[in-house]
């Protein structure tokens with residue numbers, strides 16, 4: 001008997017439903033289902049990233065695990081969940097959106113890759129890169145024969161060999177940059193070497209992947225596609241310059257994956273000027289935060305760990321992991337040792353070069369889509385990528401401890417010293433262009449006289465490391481870290497901050513070396529203090545967390561800078577100055593011949609005041625500086641009075657014939673007289689005061705200290721409005 005029952009099938013082409021009140025299930029339609037999928041993906045990956053944060057794992061680990069958990073390996077084992085949230089009919093839409101985002105991500109990768117930097121790769125890094133590619137590639141080919149004889153029977157030999165070789169030889173450049181930044185190794189020698197080698201590895205991997213795709217293509221000679229990729233004609237260059245999507249369409253049309261078009265377009269975009277940086281700034285949030293997790297889930301839905309069954313399959317998984325680790329790590333170690341890299345650093349480099357990530361998944365997904373990798377092989381390779389990346393951070397943390405290696409005693413930790421002719425080293429920190437003009441003018445007045453060996457300044461740009469920090473931007477900063485400007489004759493940096501310091505260096509005899517601290521604000525002080533230790537500086541100069549308004553009063557710029565300053569004061573190996581920037585010399589550099597500043601020092605007593613006065617005496621060596629020293633008499637402890645009197649006697653003897661320095665003593669009886677006396681000295685361009693002066697009067701000033709990091713006198717000066725007196729900066733000393 002025929003049945004009259006009819007089944008309502010949702011339209012495959014309809015995007016939106018009429019709503020639940022009309023009897024429609026929103027999950028039967030493309031748009032609401034996609035919204036639910038995106039919501040689940042973003043929430044789960046962010047939650048996993050938060051859970052894995054104490055283990056200092058990169059976000060890519062959370063995204064890979066999240067994709068596997070949502071797939072048939074875990075939650076997807078519940079068929080009701082899988083058919084409701086990730087039904088087969090929705091996978092085409094999900095894959096399309098994921099690859100759309102991936103297209104733009106590869107454009108960003110190409111945009112941030114400067115081909116000229118590869119030409120400057122040192123022989124050591126190039127040798128490490130070649131070893132990190134060739135050894136695991138060869139072992140990957142060997143492993144492929146084992147897999148073809150067991151779980152991958154019947155696949156085409158040539159493309160399978162190349163895909164396996166590429167999968168084992170890849171180093172994930174963006175993931176490695178993130179790991180190095182998290183471990184505070186990006187600006188170290190080993191970090192720069194690892195990133196230089198990884199950059200070469202990245203380019204080689206893309207070329208090998210193009211070969212693998214060409215070999216797995218059908219209907220034409222594979223050499224045609226490869227030739228087009230390596231020898232891009234002008235017509236294709238013009239097409240890729242139209243847009244990322246057009247580039248993807250063109251490369252897909254000529255037999256290469258659409259991702260290559262986006263990557264090539266990114267490489268071709270000029271890196272000079274602000275355009276490339278602006279593109280990254282505009283696109284990265286959406287691509288990295290929304291689209292990329294979809295690609296990881298798309299990969300996870302194809303990964304079924306349950307296909308790895310029996311001793312043979314698990315044995316093959318162990319074999320693949322061992323081969324991948326052995327090839328990368330041992331190959332890198334051997335070449336590093338031949339290049340005279342210390343053993344611990346060589347082993348660390350080996351683990352760093354073994355990092356996998358997104359490019360690995362791209363290779364595996366293309367291989368699966370082309371029928372080169374079956375479900376079991378694909379699952380084995382995904383788990384291999386997950387394992388090798390997961391062990392990188394704990395292995396590096398256990399092997400390489402740069403903080404211990406950097407520990408060393410050095411002599412000149414203060415401005416005050418016995419050898420007045422020795423070189424003075426300063427570490428000046430800034431977080432924005434706002435601080436640069438005053439910093440340059442401060443450096444100008446700090447350079448001393450011809451009798452000294454000179455002034456060396458490390459200008460440190462404080463860059464906050466966030467989830468969206470561009471990997472290659474970090475590498476670009478790290479590559480130039482601590483290098484003198486004269487090494488950049490053939491590589492002019494378009495960064496206007498660097499240009500400002502470079503111009504000043506050419507006009508003065510000060511050696512300025514740009515450095516970068518790339519870190520979360522909660523641990524930025526570690527970068528600053530360790531850098532000061534390594535560079536053996538006498539003083540760290542930090543920006544104050546407030547800036548002046550038009551009415552002369554101060555308002556908060558960044559509250560987290562205050563935390564950084566306080567932590568640096570606690571852990572610094574040398575003297576520390578906090579610069580309250582009120583515009584010393586205006587908004588541009590004042591040349592040496594035009595410098596005409598009056599600097600004031602209030603001396604109560606104690607170690608910090610002696611250091612402040614020593615810095616003032618150094619500045620007074622500049623022909624355009626007039627120094628006024630006001631010694632405020634107060635009740636001291638006998639020990640402090642004895643040491644201060646000895647210091648002042650020596651100071652007065654040195655300045656007896658120096659007309660540019662004026663010394664006077666003031667008697668005050670209470671805090672009110674002290675405040676009034678300080679107010680009368682309001683015509684100074686710069687105040688130098690100690691953070692922790694000694695005496696009973698100072699203790700009374702300290703009761704209402706809103707900014708304890710400046711000390712009582714520094715805090716008092718910040719409460720004054722200096723609108724009418726050239727906005728003098730103030731510096732507090734530790």
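Cβ coordinates are placed from backbone N, Cα and C, and glycine is handled just like the others.
Automatic, uncurated: that is what TrEMBL annotation is.
The feature transmembrane segment, as given by TrEMBL for the ranges 6-27, 292-313, 314-335, sits at 314-335. Within the chain carrying the transmembrane segment (96-113), a Cβ under 8 angstroms from the stretch's Cβ atoms is held by residues 34, 173-174, 199, 202-203, 244-245, 247-248, 258-260, 262-269, 276, 279-280, 283-284, 286-288, 290-292, 294-295, 297-298, 358, 362, 470-473, 476, all 6 or more beyond its ends.
Per DSSP, the secondary structure of the domain 'Cation/H(+) antiporter C-terminal' (598-718) breaks down as 60 helix, 27 strand, 34 coil.
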